[in-house]
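Here the structure comes first, spelled out in structure tokens, and everything after it is commentary.
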Amino acid sequence: MACGEYGDVTPRMIEGTDNGKSIRWFKNPRAMSITTLRRESIAKTNEALSRMGVSRHSLAPVEPVLSTICGNRANVVHVRQETSQLNQLRVLLKRGFLKSGRDMTLTHMRTLSNVVVGLMLGLLYFGSGQDGSRVLDNYNLLFSILVHHMITSMMLTILTFPMEMSILLKEHFNRWYSLKSYYVAITITDLPVATIGCVVFTALVYFMSAQPAEVVRFSMFAGISLLVVFVAQSFGLMIGAVFSVVNGTFLGPVLSIPMMMFAGFGVAIRDMPEYLRWGSYISYLRYGLDGYVVAIYNNRATLDCDKRYCHYRYPQKFLREVDMEGGDFLTDVLALTAILIILRIAAYALLRWKIFSER
């Protein structure tokens, strides 16, 4: 119709909608009642102004917020979208899952990369989890897993989310949906893909490297992995919501370096200078590494040793060496959860600021 393929129907459309003033096409009763109240209010105002000899006000477009005074009490009704929040979320989730199934980058490539890297790490550190002579190698493996989760989750979000911003700006400006509905939808939509990729990678590396074949330890290990993935994803979302792809690609790794420095891998936390030790409390990699080590080595029996001497045959000795002997798994989980919530809220606030600053 816009191209005139069915003839010139523009006059009929203008007449049918009364140039945007008609409310007979509304399906939202709240929007209809607000529009009716507004028109009655404007009509009364115009009538009063006419009696006073003042020029009449024209009918203004319907505002998203209408205030009506009932006595001394003001009732403010907010209607920014015609449909409900629940319906917005339902449609956005349906669209999001459909896009995820078709997206080669976010879905297929992410899953494939997790499988390939998991197999490579599993072969490189094959059997290191049970060997008392390869405890340090296994420790390096744990940190490599953390870095993999951080880089893949964070960088993928930084590279893909800015491309969604132009669409989000148009659709949100046209009031198709609220920002809250969109944010909840993208959070839920990405959960299955991120969870499946993380669990597949974790299972491959865990069993190929011969970590303890215990359900509790594997569950602890997988739980920390999922939390690290979600935190890194939130960190990438926070960057991608504000910066372009070029700037975000630079800032992501740069801001991740302090997280790696304060993780306690190269330098134990007890050996850090006092004026830098505070950094370990805000590094989510520190809590991830501590959770891994506690899950693998805490209360562990003596390791096998095929050589004459294995310095870390006794796991408690290794825990003392890396300053994680008193590690508490619950504390690590709570810390990662708190960081996740803070980053998610910060990402939403930055996204909201970005949208309103672009208008």
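Each Cβ is built from the backbone N, Cα and C atoms, and glycine gets one as well.
TrEMBL does not curate its annotations; it predicts them automatically.
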Residues flagged as transmembrane segment in TrEMBL, choosing from 109-127, 280-298: 109-127
Among 109-127, 139-161, 182-208, 250-269, 333-351, stretch most in contact with the transmembrane segment (220-243) (C-beta, under 8 angstroms): 139-161
Top Cβ-contact partner of the transmembrane segment (182-208) among 109-127, 139-161, 250-269, 333-351 (pairs under 8 Å): 109-127
Tertiary contacts of the transmembrane segment (250-269) (same chain, 6+ residues out, Cβ under 8 Å): 143, 146-147, 150-151, 154-155, 158, 235-236, 239, 243, 276-277, 279-280, 282-286, 288-290, 322-324
